[in-house]
Ligand code: ATP
Ligand code: MG
């Protein structure tokens, strides 16, 4: 696409977060949507500029569409003295020369007529065309129709504006608003893009018809609810079809907010029945499916996701109301509603209710929220997140727009990186990588300034006429290596990475010696690293193919990334893979690896790849010619429309560097699997020796689990031994959770361990109860009936001691009991229970505390039963303390 100079397109736009956020406005007025289609035309590199852009826009609206000229108004940039920007009189004069009446040409400041997308980057003045809905010569009622942006500045990191080396045009016209004008309606919602939805809402909810009212006139906000629901279901459908699902952060979180806003308006205002939102999806598919076939393709999944999320939200609402009611019962009349509870109800907590909704629910009950506490919790969460976030990926050196513009102006051709593909397989089986000699075309300092030379120790960017380095792209990590100056081969310049910037490949280097433009250099890639990438990339293709074999031909890749350590593969799935499926996938890959098939790579015309059955196109733009990588079948054969090869083996469009035979992958083990968002599973895999090791770790753990199971089934008569076994089970569970091992085996062992753990705990309880019964018998024999038993018992387990106390009190309900059990090194366990009907001041907790603190320890429990520990050399004194305390209370 870099070659395009004149473009017209239609973009899907969602404005529900970030810099352009219309979410809260949608529904309130008659012209904003969260999802809309933006029609645009573009000129790149000065192909045309203001004059032609304005003329074409005016011609299209007034002559092609026949919109009366006197209904149109235009605005232009009135300048910004603070930023040193002059008014855009050029645009004004163009409009006047096109015949726009002077009273319809207005100027505005940077807020309205200076367009910027981000904090830095290309930007410029804009001129807008508005349509007058009233059109009776009175006060105009304007709605913006089309925005023409003239990109001519760059906002630098320091906030200043610099002229761009090349100027561009970027215009946007809202399709919905255009349709409203052409269909003669005052509102985008009254066009045929929305009326089928409004009708379906009326039928589905059985409410009075949509009347298009806004503001105070819209009693009960019924019309607003109509608009919100119709708008939001379109956004949800389009986003889900594009692979964004409601989730917990980023774009998925925005989508979740949209869904919940739709649910609230549909259930609370329109009294929609449960499952209603999902029923609107077919109407969206009907209106937009011709333009966006992906909607048709994914319609069932969209209905499912929307319905599931709607049900989850309604359930959360109900539980939320219940929790609020329960909490209110505990609160005093002037208490604030506790922040912790509100937090646990909120999006960031457990139930997923938006905080403003929680506040609204509280308001209905007439309680105030502890906002200060809530702010504190929110801040803690932010801090926690920032600590947990993955370490920010260093972006590395980049060529900025000025550098790129300069290179283009000088006519520097894109870097020739074809030598990255020149490697071969020696008869011995090893790979031979060619070196590459190149010339230094340009050097850049760390801040991106072009320089003619760099000095000793400087980190710099290096542009060469050609390279054999693979620059990061297509999910394959960048090569690393070094270069030497020709004639000075003993000084190595390390090159930690290479990146693509606008067709140029920028090498990052640290210069141990000076280097200057014009120098000849020789490049060496780190061969072990590169080979690791090649293994992982070919393994990624085999994995992709094996997933389709196992899960079905419709299985789609969502993304992937690899480096020599591991590969990551995201796949669209309805549910997590079962252990059987994981094993089957690994088996299929192993088979292909075992056959040591040839890997063919060839560049072919893009057109030849169309219509090949089974060949996938990811959602990206492919170069022409494009590289094809096929396993086991020569490319020409794989692309033969009659061959079906792409259905039977791995054939992909890919620019990566691959093995020449599959055998070197060695083995593949999927060591991790998690749900990224609903509908996407992320697999983590290792290959070769690492895969073998993972299998060995898995085997060893399986054996340990087997041995533990056997120990358990033998059955122990000893509580301590049983407890040790239970602890071992816990340790094994931790090991299985975190080990690098086959995921299918992890899941199986986790399931086994869960059962074993439960059985071990049951066994312990049984043994303890038996032991306690025996000791209870002994104590009953030693003590005649009375108000108090204070004694020692020999056991190593605190829970046995507690059981003895319990059983004693059951047998002698009018007796209060405190037992101590001496352990090695002077440690003492303590448990007690106070008989029913003693004085209220005599509590078990206080009793245990009195005795244990006497022994320098601690105690815990309730009024009736308590336990504790301490350390003493004089057990008799502790027993005396216990008796004295109790007698004093009784
Ligand atoms: P407005 O002031 O009406 O919000 P805008 O200045 O945000 O518009 P631009 O960013 O210039 O609009 O977008 C270009 C065109 O896209 C607008 O002229 C309008 O036709 C359309 N558009 C923008 N936002 C929306 C929206 N939320 N819903 C529908 N169409 C929109
Ligand atoms: Mg706007």
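Yeah, the Cβs are placed from backbone N, Cα and C, and that goes for glycine too.
For reference, TrEMBL has these:
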- 1-697: domain 'Alanyl-transfer RNA synthetases family profile' (DOMAIN)
- 1: N-acetylmethionine (MOD_RES)
- 537, 541, 654, 658: Zn(2+) binding site (BINDING)
Cβ under 6 Å from ligand 2: qualifying recorded positions of 1, 537, 541, 654, 658: none
Pairwise Cα distance for residue 537 (Zn(2+) binding site)/residue 1 (N-acetylmethionine) [Å, integer]: 26
Nearest-integer angstrom distance between the alpha carbons (Cα) of residue 654 (Zn(2+) binding site) and residue 1 (N-acetylmethionine): 17
Chain-mates of 537, 541, 654, 658 with C-beta within 8 Å of site centroid, Zn(2+): 476, 538, 540, 599, 629, 652, 656, 657
Residue with minimal Cβ packing [other Cβ atoms within 10 Å] among the recorded positions 1, 654: 1
Cα separation, residue 1 (N-acetylmethionine) to residue 541 (Zn(2+) binding site) (Å, whole number): 26
Count of other CB atoms lying within 10 Å of the CB belonging to residue 658 (Zn(2+) binding site): 24
Between residue 1 (N-acetylmethionine) and residue 658 (Zn(2+) binding site): CA-CA distance (Å): 26
Neighbour count (Cβ, 10 Å) for residue 537 (Zn(2+) binding site): 26
